[in-house]
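All remarks here apply to the structure that follows.
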Amino acid sequence: MQKITTAAQMRNMDRIAMHGVYAMAPVVLMENAGHAVAERAGAWLDGWDGKDVVLFCGKGNNGGDGFVIARHILAAGARVYVYVLGKEEDYSDEARQHLHTLQQLADEETCLLLSAPQSDADWQLLQKRLLASSVVIDAMLGTGFHGSLRQPLASIVAEVNAAAAAGAVTVIAVDMPTGVNSDTGAVSNGDDDEDGPLFADMTVTFGALKRGLVLYPGRACAGHVEVDPIGMPGPLLMQLEENPAYLLQESDIAEIVVPRSPDSHKGTHGTIAIVTGSSQMAGAALMAAHGAVRSGAGKVFLRVPGATAPYCIGVQPEIMVRGVGTGDHFTAADADEIIAESKNWSVLAMGPGLGRDAETKEFLLKVLAAVTCPVVLDADALNLLAGEKALIASRGSRIIMTPHLAEFSRISGLSMAEIKADPIAAARQFASEWKVNLVLKGAPTLIVSAKTGNVYVNSTGNAGMACGGMGDVLTGMIAAMIAHQGMSDLCSAACAGVYLHGAAGDACRKDHGPYGFTPMETADVLPQVLASLEEDLALPILQQPLIGGK
Ligand SMILES: NC(=O)C1=CN([C@@H]2O[C@H](COP(=O)(O)OP(=O)(O)OC[C@H]3O[C@@H](n4cnc5c(N)ncnc54)[C@H](OP(=O)(O)O)[C@@H]3O)[C@@H](O)[C@H]2O)[C@@H](O)CC1
Ligand SMILES: [K+]
């Protein structure tokens, strides 16, 4: 699992690597960092030989990495223009040491060292160089960036973006794209968009992923991201800081979605109950149930208000539908029937299309206080339960709440701006206060464990999924994952549901185009997504076919 760090955590790791028991020389870490970029970007670009490269080095240690990169790509056959944007006295000892080495290699032919452009003629020359080169390396700012981009960096970034937009250059960022805050993903984007941030095609980052590379809008600036350990001691990289966050990847999910054993039966794969819907929104209930069916649930029961049942019965034969009561929304009088039935259910999901009637809130409170199986709460259930922190907290580790940003804002009392400023902290704080497993839906979706407070950042999904019904399908999927054989931990089930839902959306995007595919289509590709997940696993011996086949 890929760890995601903050600049402060990274600095702490640096400090221990250099000044703790490991006593690594700072100049060596910087050497490793620069070498890693030269190697990884070189492999990605099919080598450096014969390439014209413009390299911008800022006045911090990110710039120091740039001096090392210049030396390595020169040796690999590139011709490089190095803009040294700091004064010699600005640099740290290690950066200055690498600058001195580079100065010995400088010549007119292959390695030209230049200072920051000042006159109009300097800027014109810079533009010309950018358009004539094939690669730009951004070693201007890394984890030390804060505030808004100052000059001359803002104008340099604008020139690089313009050259990239003209199709002239490939842009490689060192550690972070300049202008992206490494802790929040916020970008420097002054009054006119020309102030930044820099848009990279590839980012090589050091030690661990930075939050700003996985959170939007920063994530959109990073391009292809590779993490290099730069020789940091393994135990240091593995060391868990307080409040860890991780990026979910296919191999993580493949580990928790265990293959079915060949002698399993429908009872083994869970009885999922979707108790939701109202006459205005029967479709939401059906989409949630379909999400569960396509996730391999053993049995799917849909319980809707009595007057809603005619819209749901017979729509999909796999879903066992029954109306409860006679109304068009649930009321407290319907709760006893649900509570009695719940003894046979592996999991209960409520919310999509439930409506916001005060009587439905009474129903929800009664059901939640009595059922013992795990519960997934979405949509209107979240709106109705917004003030019920004490009830949720009393059962929270058995509950998954799945709000989107607006719902989260409503229940948490935080403004959208406050959430967006630090979504990881906001999600973690909420999960801790409400003692609940949280799925904060967005780009990217965050999952927080009620038990550990660990935050998982999803890596799948796309903007084509921003349409009504996608969340309903996800609710059914998460419910089905909870009942999946071997998936006892609710947070793991939430991670699996969220990852697979996004992966299904990505498969739809590939098949149908960037948007316009539907929630039902997304659910329908789940078996293919699960198949590719199985390929990631070595099949246990019992799964191997006796005759023929692969
Ligand atoms: N992690 C690791 O293991 C290793 C990390 N290493 C590398 O070190 C990097 C971190 O180095 P760092 O701390 O020196 O910060 P860095 O990003 O160079 O920027 C600092 C400079 O930026 C300036 N500045 C800030 N904001 C600005 C703005 N808005 N507009 C304009 N300027 C602005 C700020 O100026 P000031 O605000 O102080 O005047 C200061 O001069 C890290 O990203 C990685 O590349 C490797 O070498 C070794 C191993
Ligand atoms: K950079």
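Placed from the backbone N, Cα and C atoms, the Cβ positions cover glycine too.
When TrEMBL records N62, T178 as binding K(+), the matching candidate from D90, D93, D107, D138 it lists for that site is D138. Cross-referencing G413, G471, G476 against the AMP binding annotation in TrEMBL, which names K441, G442, A443, P444, T445, picks out G471. A 10 Å radius around the C-alpha of H404 ((6S)-NADPHX binding site) takes in these binding-site residues out of D138, T178, K441, G442, T445, G471, in sequence order: K441, G442, T445, G471. Neighbours of A443 (AMP binding site), defined as other CB atoms within 10 A of its CB across all chains, total 17. On its own chain, D175 ((6S)-NADPHX binding site) has A33, N62, D65, G142, T143, S182, T203, V204, T205, F206, K210 as residues at least 6 apart in sequence with a Cβ closer than 8 Å to its own Cβ. In this structure the alpha carbons, written CA, of N61 ((6S)-NADPHX binding site) and T445 (AMP binding site) are 32 Å apart. Across the fold, the C-alpha of G64 ((6S)-NADPHX binding site) and the C-alpha of T178 (K(+) binding site) stand 15 Å from each other.
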